Amino acid sequence: MREEEIEKLRGVVRDCVSKHLYSSAIFFADKVAALTNDPADVYMQAQALFLGRHYRRAFHLLNASQIVLRDLRFRYLAAKCLEELKEWDQCLSMLGEAKVDDDGNVYDTKDSNVMYLDKDGEDREINISSAICFLRGKAYEALENRAQARQWYKAAVKADPLCYEALECLIENHMLTCEEETSLLSSLEFGTEDGWLSSFYSCLIKKYDKENVVEAKFRELEKESYDSNCASPSFTHSLRNNTDLVTCKAEYYHQCGEYQKCFELTSILLEKDPFHLKCTLVHLAAAMELGHSNELYLMACNLVKDYPQKALSWFAVGCYYYCIKKYDQSRRFFSKATNLDGTFPSAWIGFGNAYAAQEEGDQAMLAYRTAARLFPGCHLPTLYIGMEYMRTHSFKLAEQFFMQAKTICPSDPLVYNELGVVAYHMKEYNKAVWWFEKTLAHIPSSLSEMWEPTVVNLAHAYRKLKMYHDALSCYEKALTLSNRSLSTYAGLAYTYHLQDNFSAAITYYHKALWLKPDDQFCTEMLSVALGDEGRHGIDPKIEFR
């Protein structure tokens, strides 16, 4: 057969692959490889077999070739076959020996003299070394060696920042702390044309920076710039409406406690792209915080129908039951989600929270500790462990775990708030004031109703230190955030009472009792304040006969 005819057959194979006609691709690729015995055609045949899910046959073909250990492309595809067959040790063996340090720097590799036959064409390629590092990471993660997996994922991103999957594994599986994420991004070497990618990656990591910093990142990506080389002047480069970027923004609103804004954003996005699963997870979290049980029910029904084998679907069912306070059922579905995907952080935390809601501390602790072990870069399991210790009045232990959470994520204001609460309970009021002030300083956006309890706690701590003016100022600020807080009105009343301003104290005791008429403290103190006003209101110069 002439070379022109063989080249036409190669074109048929490529076209069959592009049209997903894999059996046809396998048939013609087999004939081309038999006619030429060219390594490139053998590779094309193996690729067709792989895409047709004939993993064992593809591996045998590659392994039988004389070039498999000399061409990285052959070796990588053979390892991909072993990945699909779940033969992880053999997969690592096929990829060859190499070592990596904690920073993701690869050394002691045996591949220095191995060739790599580049494909024809002008497309930009992801570095084969990066793909190999990523596959090593997946193999180690499947073997539950998460420390090695983390190092190889970092090596994959450092070898080529275009290897997004490796970065996604590091972020989604919470393998890095806040500082480690920032350090990794700063170490990446982006091409001159990849400035947008650097900005996009910085939006993906934990977003606890100040509002102006995070919003500036989003604005930089959203701004439009005309392409002068494009024939149509209306053509623009913009990521303003990109679903991944909008999801990043929704995550930021959720972390800030702006749940309504987050919910509105995800609702709009899911109308446009109803199967964007990352956005769906953020949408579920916002609906949980807002108590939208009907929305959770509808989302859970749709997800179970469309994705019955995905952990996210059963997590959504667990969220619905948790929202309507049916904690036994919610535990069952959170547990099902963790069984389907043991590396789903939200399901483990939800599982623990469902136990904690019924004060079943031991089981809650077990779930949180599992999450803390699996996701060392996520501070929430450690934070929840501290909260459980605080619930049982083990304040010293609680403080230890809150400090650990602070080490993992030093920017989350919730961590500082919990440290302040622990200090308050231990009667260390100066320390409590310091932590509560740091909480308010770390809040990324303007104060919202979510942070009203922190302002009230700060006021309580000031009151304990007899700094009544500062306490009153904080109580008044809390009222601007929420005017239906019993604790705020009771705190104002008691502070005025301690200052012998009985009239103001009585007014605020009445306001507190209007919110909760059976509150014992306010009822008793109102009686005391009325008695005190009666006694102090009498002019001592008046004589009674």
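Glycine is treated like the rest: Cβ placed from N, Cα and C.
Unlike curated records, TrEMBL annotations are generated automatically.
Per TrEMBL, these features apply:
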type: REPEAT; residues: 311-344; note: repeat 'TPR'
type: REPEAT; residues: 345-378; note: repeat 'TPR'
type: REPEAT; residues: 413-446; note: repeat 'TPR'
type: REPEAT; residues: 452-485; note: repeat 'TPR'
type: REPEAT; residues: 486-519; note: repeat 'TPR'
Sequence-remote partners of the repeat 'TPR' (345-378) [C-beta within less than 8 Å, at least six residues beyond its ends]: 146, 170, 173-178, 180-181, 281, 285, 311, 314-315, 318-319, 322, 325, 327, 330-331, 334-335, 337-338, 384-385, 387-388, 391-392, 408
Tertiary contacts of the repeat 'TPR' (452-485), as residues 6+ beyond its ends and Cβ separation under 8 Å: 413, 417, 420-421, 424, 427, 429-430, 432-433, 436-437, 439-440, 491-492, 494-496, 498-499, 515
Overall pLDDT for the repeat 'TPR' (413-446), taken as the rounded mean: 93
The repeat 'TPR' (413-446): DSSP-derived helix, strand, coil residue counts: 27 helix, 0 strand, 7 coil
Number of helical, extended and coil residues in the repeat 'TPR' (345-378), per DSSP: 27 helix, 0 strand, 7 coil
